[in-house]
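Structure first, commentary second.
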Amino acid sequence: MQDWKQALRLAMFELHASKYVIFFLAVILCLALSSIVTGFSSYLEKNYAGIEFTFFIIFSAIILIWVKPKDFQLNQVNEDVMASPSLIMLHQLAVKKDVMIKSRFIVHFCYSFPFQLLFLIFFYALSQELQHVLPVGSYLAFSIIWLSFSFYAGYFFMATDAGTRNVNKITAALFTFIFAIGVMFLSATIQTISGHGIVNWTIIFAQEWPLLSSIISVILAVLGFSYWLHYMRKTMDLVDYL
Amino acid sequence: MNSWLEITQLQKKIDDFHLGPINLQIEPGTITALVGNNGSGKSTLLKLIMNLANPDMGNIKVFNKFVYGQDESWKDKIAYQAQTPIGYNPYTGNQLKSLIAPLYPNWDDTLFVDMVHSFDIPLHKRYGKLSQGVQQKLNLALTIARNTPLLLLDEPTSFMDIPSKKRLVDILVDWMDRGDHAIIFAGHQAEDIMKLADYLTVLRNGTMVGTFEKEELTATYMHYWLKEPLGKMSIPGEISREIKQLVSNQPAATEQFFHENNVAWTDRKALDLDEIITYLLQEGKDGYINDGNDVIGS
């Protein structure tokens, strides 16, 4: 508990100094909601792979890479490695590695979770089609499925704080483009093969097996999150912050 | 006496650069200067001590704990000032102090305030907006005030003006007097701060030339002015020669030779520390071989 307290104290400095991120996240939230609410009935009627990309963007928290102020974005440590400047700073102080990792988790959580939760709340409040398709209980399961996804997939971006391969801006843009194409390709393939898009499938899971899909999602979230913490610790032990 | 820092057979390869093997022990009450040419591995050595990188071979123990072990309690006892701190830019001096001070149980707020006033550091400005010199002063105030037994400073005065350098020397002298402390700093030979050092650990292109007691070293190097040119005779201790001048690092043997061979000299003078370091950093002119057992403060 002492570690968590210290991690929270340290995370608060970054959260306070980068509070303007909230403004950008609010803008993105509005844009995402306006596009998804207006397109949702069409998505359900025509059953095409259309809104998956927005869901991936929001629940993978990839957006945080761009909206964070430059001082908090991954920074070049040496020719091969990029890492979070905040983590490097803490690494040079009397802070245990576990506390550093917890601190990174708190920062990531504070920026991603409320944003994702608000998205889910407003999506339900603003979309009558969604309310019609999913009663509150099922929507809770649907929310758990996607919030869990944010843990087992999205915390990959937190884990990169400990150090990742150094890439230039062109390569980073290329990776982003490949990620976008990959998500769209995956969505289209699943839609073509199975007859439903990924979001539609999660709606079906939430309708048909709300409890089971929630339990499986939470288990995946716990396993995935534990893996990313382990991955981060291992990376910190291996990387040379020279 | 127990060493506070013990480095044994440490080696690290980074691309074409090879650091080590380094053997070093630091004991309480000592100040050690890491001296070397650019790229000789001084900063890398300090980062290895801080467990910011993994050695390829060898061990580092701080207060009898391996720095890469599970027990990280050693971190409370060591303060490290990086040459270029990463992650400080978005914070003001006040915020950095609030972040750092609670991490160190012996934080000396009086010293911090004194340094802030003495160096005229604006604590309300963002670190990234300060000049390099002021950044360095703030960084030093944030590091020395941690009041840990062991203090690591990487090029602490590289951007500082002369009065500030002198003030820092005074601060460090006072700080050393106020308890059991030890300092290791990486620096250049011409710096004022070098006067503080009890020991010099000399690195040449990653290789450890040796660790030398400063007083002993300054008494060892002698510059002679001769009456006549020396010709081609080989002189014991000779490390440098011009027509009628000679520098020796074994003055007793050199003077014995002069006496036996009737070589007359008109004057002699001990070399300045920076001249000695220059000789030590010139490959093949030091006359010392690292025996791999450098103990400081014993």
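Any Cβ shown, glycine's included, is placed from N, Cα and C.
Annotated features in TrEMBL:
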TRANSMEM  A:20-42  transmembrane segment
TRANSMEM  A:48-67  transmembrane segment
TRANSMEM  A:105-126  transmembrane segment
TRANSMEM  A:138-158  transmembrane segment
TRANSMEM  A:170-190  transmembrane segment
TRANSMEM  A:210-229  transmembrane segment
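Within its own chain, the transmembrane segment (A:210-229) has Cβ neighbours under 8 Å at 101, 105, 137-138, 140-141, 144-145, 147-149, 151-153, 155-156, 158-159, 202, counting only residues six or more beyond its boundaries.
Sequence-distant contacts of the transmembrane segment (A:48-67) (same chain, at least 6 residues past either end, Cβ-Cβ under 8 Å): 21, 24-25, 28, 32, 35-36, 39-40, 42, 73-74, 108, 111-112, 115-116, 119, 146-147, 149-150, 153-154, 156-157, 176, 179-180, 183-184, 186-188, 190-191, 197-199.
Tertiary neighbourhood of the transmembrane segment (A:105-126): same-chain residues 7-8, 11, 14-15, 21, 25, 28-29, 32-33, 36-37, 58-59, 61, 64, 68, 86, 134, 139, 143, 146-147, 150, 154-155, 157-158, 161, 229, selected by CB-CB distance under 8 Å and a gap of 6+ residues from either end.
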